[in-house]
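Colleague: Features from TrEMBL:
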BINDING   T51, S52, Y53, Y54, Q55, D95, N144, Q189, W304, Q305, L306, L314, W336  cyanocob(III)alamin binding site
DISULFID  C64-C106  disulfide bond
Amino acid sequence: EWPHTGRLALYLLGLRATCPPPSPQRSLVTWLKYYLEEDWTGSRRHGHPLTSYYQYGLGVLALCVHHKRVREEVIRRLLAAQHHGRLGHGGNAVDTEAVVALAFTCLERRRLVGTELVAELRAAAHGASRSMAEAQGPDGIIGNIYSTPWALQVFLATGTCQTEPAFGQAMAALLENLEAFGTAATMAQVLPVLHGRSYLDIASMHCQEEPDTLTPMDIEPPTEVPGNKTVQLVVECPLPWCYELRLYDRRVPVPAAASLLDVLWAAAALEPYDFKFHTQDTSQGPFLTQVLGLEARQEKRNYWQLLTAPNTPLQMGIADYRPQDGETLILRLSEW
């Protein structure tokens, strides 16, 4: 079983934000330190952590927010990965580089490293900030809509939000796409940014002064949209995984309010022997893991990319994206 580095790190970040009594956190922090060491054993064979640099960076960030020292060797692994460009491509790279930059800034700000490392961490974090500004698209989005809050957190944490034009453009794009943040995990990424904060602010909270403002919300069910629509569903598998690029190309009729996940279920019902898929539940909703018997695997560093024709990546997950009538959706096995 692989280490639960990222999941435990996110839990500890959330736990710290709720100002709990200290006793239950201690054993969890110890487990996170253990997972970071176990996670890195994968680098001896694969050249990267067993999980990912994203989860590994989250682990370092969570330890720092809990005011725990991190071994210099652990930090230098992340510095080397950033220096050699190993943090991924596209939106995944923005997410990962942002998490790593936040971890560096936290360690530097809280003086949890030796003095010789402080300057290196500050330079690496500001380098990540410049990289994110360069990754900004003409629509203001950095990487994809879900990685944009991470980039904004870096601008806020490093203090470059005052001087970096990309910050205002990305914030405007975020405000135009708030409907994309419909799960607890994505809300947790965007809410601090909307209040001008980053995850680093959790480390300096004064819990005695925090009022109990948690109140239940009444969420209205979504309204039904009458009628039907037809979506063209395409499955692509390029070399080296397949010899034939297009494996599936069918028109799928669905209700007008159907999501991409509903389209997949409808395709499976139409052709139960020809179209099969599997998903995995995550904190950000269902994640597509297998289509037509082809499984995306972390150790192979591939995933099922979601696009709308001809080549535009979707900014939402399969349960959140609702295609238009006549739209062509592409599931493409891709490398990250």
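Each residue, glycine too, has its Cβ placed from N, Cα and C.
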Colleague: Between Q55 (cyanocob(III)alamin binding site) and C106 (disulfide bond), how many Å separate their Cα atoms?
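Modeller: With distance taken Cα to Cα, C106 (disulfide bond) is 16 Å from Q55 (cyanocob(III)alamin binding site).
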Colleague: Could you state the whole-number distance in Å separating the C-alpha atoms of C64 (disulfide bond) and T51 (cyanocob(III)alamin binding site)?
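Modeller: T51 (cyanocob(III)alamin binding site) has its Cα 20 Å from the Cα of C64 (disulfide bond).
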Colleague: In whole Å, how far is C106 (disulfide bond) from Y53 (cyanocob(III)alamin binding site) when you measure between their Cα atoms?
Modeller: 17
Colleague: Which Cβ among the binding-site residues (T51, Q55, N144) has the fewest C-beta neighbours inside 10 Å?
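Modeller: Among the binding-site residues T51, Q55, N144, the lowest count of other Cβ atoms within 10 Å belongs to N144.
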Colleague: So if I measure Cβ to Cβ from L306 (cyanocob(III)alamin binding site) and keep only same-chain residues at least 6 apart in sequence, which ones fall under 8 Å?
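Modeller: In sequence order, L260, L288, P313, L314, G317, I318, Y321, L329, I330, L331 meet the Cβ cut-off.
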